[in-house]
Amino acid sequence: MERLVVIGAGMASGRLLEHLFEADPGAYRVTLFNAEPRGNYNRIMLSPVLSGEKSYDEIVTHDEDWYAGHAVTCRFGERVIGIDRDRKVVVGEKGEVPYDKLVFATGSDAFIVPCPGHDLDGVIAYRDLDDTNRMIDTAPGSRAIVIGGGLLGLEAAAGLRMRGLDVTVLHLAGHLMERQLDPAAGYLLRADLERRGITVMTQASTRCIKGEGRVEAVELEDGTLLPADLVVMAVGIRPAVALAKQAGLTVRKAIEVDAQMRTSDPSVFAVGECIEFAGQLFGLVAPLYEQAKVLAATLLDDDAAFTPKQLSTKLKVTGCDLFSAGDFAEGPGREDIVFRDPARGIYKRLVVEGDTLVGAVMYGDTSDGNWFFGLIRDGTDITDMRETLIFGPAYQGGAAADPLAAVAALPADAEICGCNGVCKGQITEAIEGGATDLGAVRATTKASASCGTCTGLVEQVLAVTLGDSFQLPVAQPVCGCTDLTHEDLRRLIKARELKSQPAVWQELGWTSPNGCHVCRPAVNFYLLADWPLEYQDDPQSRFVNERKHANIQKDGTFSVVPRMWGGITSAAELRAIADAADKYGVPTVKVTGGQRIDLLGVKGEDLPAMWADLNAAGLVSGHAYSKGLRTVKTCVGTDHCRFGTQDSTGLGVRLEKRLWGSWTPHKVKLAVSGCPRNCAEATCKDVGIVCVDSGFEIGVGGAAGMDVKEVQPLVKVATEDEAVEWTVAFVQLYREHARYLDRPYKWLAKVSLEWVQQTLGDGAERKALVDRFDLSQTIYQTDPWAELAVREKARAFAPIADLTLEAAE
Amino acid sequence: MNWIDIGALDDVPLRGARVVKTRVGCVALFRTAETEIFATSNTCAHKGGPLSEGIVHGRHVTCPLHNWVWSLETGEAQGADEGRIATYPVRVEDGRILIDGARLASRSAA
């Protein structure tokens, strides 16, 4: 009988021994080492143990009787400290064991983020029963922080939550389980977890763990401090290869084996998570079992070879139904078939390439997962079933869903027009009374006669009520990714409280995975305007000018425009601008129509350094590139002019200081003239104020671009404070209601000046608008130059690498 | 093939891009998904716009100058526009981005 020593009692080695004893019980005398003080158990069932659905005894796969029955010498709780391959002995803590054949089944170790404080008491991994018990022993009501939003981390979070702990998950990437799920499915998973009371923070990078001896809090890179009693690290696993390395076996990312599971030493084998085969590592249980079978055959001198198979993952984060298989990245040559049912929280996405299915991601309803996986694995030609593929194997045909059904199903007292408080019943009555088109409904009920965002709904009520005799006008959708208009999109973002891009894609049924260059900037603006605190601005959804905070020119260089408040500057500022122009070789220096100075022809990589220089002189970004507040042009007013009636310069500076940094649907330009001679040309600005003896005349909706528009009179007020209040409230109303890329005059043409006057005329509403604007400014009124000129951000402006020298060698 | 390590995956923002200077001109690296990178010429075949400054959506980029949309996979112009930009072999390994230096050198020799 040969002597076989197995190091590690995990799932792979348990299965190996079963196969071995079954095929030839008398072939080997086995010694089994395990660092844990227990034998083989089903590690993937630790989650139910944590949540309390199972006990440890229920997940034991091999008990004492089994080991005794097969004469296995168990050395549990004993570490192997070395291997002498020349003498063929394994050196354990309690003595040596000679072998003829040796199997490494050392599995993997949890990766611990080496941040300061990772060794504090109360910081644990989630790998074995001891870790699990540690979590179970933490008192309900304690605060647990799970670092890592992958499968393991989420299992830990779900289990801890079921034990009554207050759980927060920190995840580095933008969405949960980013390796297995696309952003839409990640969003649904997050929503599910949040419904269960788990807090999820994405793009959360841990800086350090704080505490005196034991953990007290986790500090994030952005400075956020999260109090904690328990920290679970679940950021990933690393093959446990220290022992194999020390024994001199070939180890790359893991212990290298051939298809027979043999390592670089013909008497030594390896199986499970600790191996590398053809450059691949293995973490799921199916290939591990396959390897165990192959190794058992090899040990008995039978022919067998391991071939990795394509894998599907049906993921079970207790109660969340997820499935992913194949390759689900999209692209041309590849087509997506997407099915979203927002009401039931279902998302299915199939990726088709040519005549075959290559990938699938599903959330909420994964019952057809295995069928899709079969199609992927077998490369089945799906041409004939393509039309109905997404509905799965059971699909037997049926009528197409009626898009108007939802409107038809609304009760009569459902509110359609929020501005004027008109419900569906009133509109139906009006239609029956002879108002058979949109104009007539507006005239009779006032529905959609104000802000206009419910126009689509009113038209649908007309269509439902009148049937075929009403032709639904074809509204212009935002882009090819959706059928929704901008108005519908804005209304739905507010009404359904959609606060992230994946939420919009999923809940509103976007047909592309992450939008396009047309819809993404619009959606980004709507989200940041409606949810300034909850939504995080996405630079990658902005046009280059707003991402680089400079205007791109036709030759790829940029222009730099510092802000000059109300057009006022100083000798020191002018000197700093001149110095910057010299230092960075600026070819053109031009005075703009907005009363400031434009430095044109700056190289992209020089921007951060130039900004830092200008910042040092007290200058900030002029946002000359943004859909946001541009300039407030002024004349010199009472300061110097003999005709000046008010301090127009002072008011201009005050307005610019209040409004700068805010994002708006399109650019916004202001001007303040000190008298009706209007030297600041206030009557062709988005907001233009003309000072008169008795106060301030505020006009809105002017423009001097492709269209030339004179302002319409909004209101006349007596004091400067009122002028500021009305201006701020107007800008906020525009931010909340206008469609992306509509200047105020275009928006006013849709909603009417009267509605704006009426809304702003209500003192309480005006104040609420100002409050909302100021709240948004607490987030967005920052100088982008100062933010981006810091070293780590500035690096992004330079090439990631320069290969011109390397290639020359 | 001559794989050159040019930087960390995380140095390229998700749905964003960075530039590599090479002897064949600037090459743009696009990160279309957590672990997916494409490399193409940085120069739009239409009017020379810097593609790395464009909006990245799906496996496409839109040129910031005149909104031409390019496939990052095939280098083909999308929609009604016609044209092609060079694409380069690139891969991601252990969080690092590797580009095929042989390909960049051979093109310069041609």
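Heads up, the Cβ atoms here are built off N, Cα and C, so glycines get one too.
Look at TrEMBL and you will find A:Cys635, A:Cys641, A:Cys675, A:Cys679 tagged as [4Fe-4S] cluster binding site. For A:Cys679, the entry in TrEMBL reads siroheme binding site. Marked as domain 'FAD/NAD(P)-binding' by TrEMBL: A:3-275. TrEMBL lists A:312-379 with the feature domain 'NADH-rubredoxin oxidoreductase C-terminal'. Summarising the annotation, TrEMBL assigns domain 'BFD-like [2Fe-2S]-binding' to A:416-463, A:478-527. What TrEMBL lists as domain 'Nitrite/Sulfite reductase ferredoxin-like' is A:552-617. As annotated by TrEMBL, domain 'Nitrite/sulphite reductase 4Fe-4S' applies to A:627-762.
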Handout entry: Extra residues within 8 Å (Cβ to Cβ centroid of A:Cys635, A:Cys641, A:Cys675, A:Cys679), [4Fe-4S] cluster
Key = A:Val636, A:Gly637, A:Phe643, A:Gly644, A:Ser648, A:Ser673, A:Gly674, A:Arg677, A:Asn678, A:Ala680
Problem - Which same-chain residues, if any, lie at least 6 apart from A:Cys635 ([4Fe-4S] cluster binding site) yet have Cβ under 8 Å of it - result: A:Cys641, A:Gly644, A:Ser648, A:Thr649, A:Val672, A:Ser673, A:Gly674, A:Cys679, A:Ala680
Practice task
Quick one: give me the count of other CB atoms within 10 A of the CB of A:Cys641 ([4Fe-4S] cluster binding site).
Solution key: 16
Exercise for the section: May I have the DSSP-based helix, strand and coil counts for the residues of the domain 'Nitrite/sulphite reductase 4Fe-4S' (A:627-762)? Expected result: 54 helix, 36 strand, 46 coil
Handout entry: CB within-chain contacts under 8 A for A:Cys675 ([4Fe-4S] cluster binding site), separation at least 6
Key = A:Gly637, A:Cys641, A:Phe643, A:Gly644, A:Thr645, A:Val690, A:Cys691, A:Val692
